[in-house]
Amino acid sequence: MAFMRSKPSLGSLARVAFRWCGPGVGLVSYSQEPYLVKAVQGKSKPRSPHLTSPQCSPEHRPRRFRPPSASGRTAFSSAPRPKADVMGVADGVGGWRDRGIDARALLPGSDRCFVHAQKPTFDARNPRQLLSECYGEMKRKWKPILGSSTACVVAFNRSESALYTANLGDSGYVVIRNGSVLDRSEEQTHFFNMPFQLTVPPPDSNREMWFCDDPSEAVATRLLLQPDDLVLVATDGLFDNMPEQMLLEMLSKVQGVHEQKAIQEAVNRVVERAGALSINPIYKSPFCLRALENNVPYGGGGKPDDITVVLASVAMTPVQYRGGFQ
């Protein structure tokens, strides 16, 4: 019988070494623990007057918009906790603007996700609950925050070396291993370019008028990670303008790299490239191709949109423990 050797998971890679340090010092143990090296970058949708919107009605193409200073605000990345790393993005749906409502007001809910992730009760194995808590908080406000937003949250549980995900709408995540896509979220839409969304409608309106999806509808997954894996979380502004193969090529130089500066430079390049493609009038973007597949009139080119990306590399760090032997 032949046995195939596969690359072990982070859990099996964690090693403990012991060293006797002499009387009065005792036994010193060393172990390896996984963690994420993270970087964030954002770019706002261009406001150039010569840019034209795709030929879709507002009902079939809700626009996304935020002021230039707010693009990075849509991403949150919690400070590393003892047991988990959390990161994610939220993308306000801009179709509300036609009704006099600024959907940007809903985006601070992503900041609340950061707060909830810091609580001792936070369960890294259930990021969907994180969305539920933030959504419930927004609905309970004395003055409700009106609007809607897509969201993607991932939590890296260190003890299991597992990535737990919760994705609602057309934002999403990609996990890259050895230059190939290991796993990728699938967008949730009611129909073309109408994503699932967490909505807080006007209190005096008929709820049936709106797409009011629930956090429980977020797709949840679990995936074991290995050292050098890359985890990317982004708004649809990236995926609508950059094909998968181009993304893989741009990130190939940082596969296995754990320096924060290099990760930051890589995510900067990805966002800048996607932004340039979004305003290229002759570029056949992924969004353009999907529009044609769905028989939606589209003039061609990229899709001008806000772009927010969080990129992380899985690394191992040695941790030292001392015993008190005499």
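Note that Cβ sites are derived from N, Cα and C of the backbone, with glycine treated the same way.
Annotated in Swiss-Prot:
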- 40-83: region 'Disordered' (REGION)
- 64-314: domain 'PPM-type phosphatase' (DOMAIN)
- ASP91, GLY92: Mn(2+) 1 binding site (BINDING)
- ASP91, ASP236: Mn(2+) 2 binding site (BINDING)
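Cα to Cα, GLY92 (Mn(2+) 1 binding site) and ASP236 (Mn(2+) 2 binding site) are separated by 11 Å. For ASP91 (Mn(2+) 1 binding site), the number of other Cβ atoms no farther than 10 Å from its own Cβ, over all displayed protein chains, is 30.
A strand conformation is recorded for GLY92 (Mn(2+) 1 binding site) in the three-state DSSP classification. Straight-line distance linking the Cα atoms of ASP236 (Mn(2+) 2 binding site) and ASP91 (Mn(2+) 1 binding site), rounded to a whole number, equals 8 Å. ASP236 (Mn(2+) 2 binding site) falls within a helical segment according to DSSP.
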